[in-house]
Amino acid sequence: MTAVATPDRTRSRGVAPTRGLRRPRRYRRILLYVALLAGSVPTLLPFVWLVRSALMQDSQMFVSPPEWIPAPFQWSNFSEALTTQPFGRYFLNTLVIAVISVIGTVLTCSVAAFSFSRLRWRGRDVVFALLLSGVMLPYAVTLIPTFVMWQELGALDTIVPLTVPSWFAGAGGGVFNIFLLRQFFLTIPFELDEAAYIDGASPWRVFWTIVMPLSKPAIIVVTIFTFIGTWNDFLGPLLYLQDEENYTLSLGLASFQSMYLTQWGYLMAASAAVIAPIVALFFFLQRYFIEGVTLTGIKN
Amino acid sequence: MRRLETRWGILMALPAILGFLIFTIGPMAASAFFSLTDWQIGASPSYIGLDNYAAMVGDELFWKSLSTTTYYTLGAVPLVLIVSFAVAMLLNQKVRGLSIWRTIFYLPTLVPAIANVVLWIWIFNPDFGLLNSLLRQGGLPGSQWIYAESTAVPSLIIMSTWGFGNTMVIFLAGLQGVPRHLYEAVSIDGGGAWRRFWHVTLPMMTPTIFYNLVVGVVGTFQVFNQAYVMTEGGPNHATLFYVYYLFRKAFTESEMGYASALAWTLFMIIMVVTFLLFRNARRWVYYEMAGAR
């Protein structure tokens, strides 16, 4: 796409628009940045409000007009909020669930995507279309029977209902990952597979030593989105986890909120602590994030 | 080779196929059956035919939840579409520091749902929250936001607009895919910015707009967290969203049969709405047939 667009762009600049356009163009650029700034203020303000409140004493928070700089910086909000409930434990619980889910999703989805894109078998496309049709299904439809099933199996209050489905790629949003990976696999030259098969390789070998190493970008995208999805999930833990020992961060924060309804310093400190890891992750993997969102939008 | 390929093919697709059967088809069929029963958790379900569906017709809260959810969808989806399209247009003007701007606008979508809800409870606080503090400083009257019947849903719509980043990034990618030569063609014909927008950008973007529209409608129809943590459906059922009502029926009142009927009704509503959207799409969505694979 860019290869086509770039020469065009330079040409249009070479032709040079009529001279009258020059001055309005500069005003337009100033206007553009003013608009962007105006847009980013309401976007960032809630974050500023979050951080400011997380670092303030209650007495300073309840003054009118509002103050913006904490004086003094109440760092103890963080230490106190995070120790009144075992947030460290919640963090570990969430991490365990997220990591198990990510591994399961990436493995089973890419294996399936390999089968749907690079192996020919009868009924393949029908099966794939059937799986894809499940994407539109509202989660509410499967919620109750799935809950009852786990209850019958005695799996309530364990991480089983929150992790096992991810090892069966098709469950929930998994189908979308298969779709994404399949699209990516289709761009890898098929000659590679054929050469390997002639050398006597098995499909598993082709998958593991040829296709997977060439698909890192797509795998990273699936990893990130699965990780964020499980990290931020609320309904799942709410349904399946009861003992406070097993709470995830989201669940812990919700219960913390219901207990410290008016302790805004604590609440904001706890929220900031829940938000921070995800934001940090984003800054490290920014490029993949945007590519991922773009991929999900465009391919449809 | 052929037989081997088939065997491997099915084997490798097996987790996905099993998952589909166990976690999608099975529960779907089960909830269809449950919806035809009277079933409290712990007791065994007894078949009552379509009684649950008939009961919904007379259930005021069902209608309330449906209209509340529709109200939310009708407010949130267009607002998010317009805001994210506008910002994407701005970012598509060869802006300096694009990745910084993009990060700023994308940041809110990263906030975990519950942290987001807790933060906004504080922002909406009528006494010392961010919004009323700012309004008062500007000499304007404050609002009760999520605490008053008439402003609760609009408040949640404002809150949802904060997370427009995902939609925006998809729009931006779409905008960058609009072929340059089309803009040039308009310029050569003497058309200005407005005509470039109206005759090139907008028509070329209709598939992306349509995609975001469908995803947005399906998503907002299933809104849950805000009602559960922020408002508990109140005040006076003003934020009784459909899935929250369903959740309450199932897990608070333990009316699993009725809740299953609610779930299937939601499924059918979403199917009808997407069907209508797709049928209507033929009239305004532009698909370039040449070069399509």
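Cβ from N, Cα, C; glycine included.
Here's what TrEMBL has on this protein:
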{"type": "TRANSMEM", "residues": "B:12-36", "note": "transmembrane segment"}
{"type": "DOMAIN", "residues": "B:66-277", "note": "domain 'ABC transmembrane type-1'"}
{"type": "TRANSMEM", "residues": "B:71-91", "note": "transmembrane segment"}
{"type": "TRANSMEM", "residues": "B:103-123", "note": "transmembrane segment"}
{"type": "TRANSMEM", "residues": "B:152-175", "note": "transmembrane segment"}
{"type": "TRANSMEM", "residues": "B:204-224", "note": "transmembrane segment"}
{"type": "TRANSMEM", "residues": "B:256-278", "note": "transmembrane segment"}
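Against the transmembrane segment (B:204-224), stretch B:256-278 shows more Cβ pairs under 8 Å than any other of B:12-36, B:103-123, B:256-278.
The transmembrane segment (B:256-278) and the transmembrane segment (B:71-91) are not in contact, since fewer than 3 Cβ pairs between them lie under 8 Å (pairs 6 or more apart in sequence).
With a cut-off of 8 Å between Cβ atoms, the residues of this chain six or more beyond the transmembrane segment (B:71-91) that come close are 98, 101-102, 105, 153-154, 156-157, 160-161, 163-165, 167-169, 171-172, 174-175, 201, 205, 209, 212-213, 216-217, 220-221, 223, 241.
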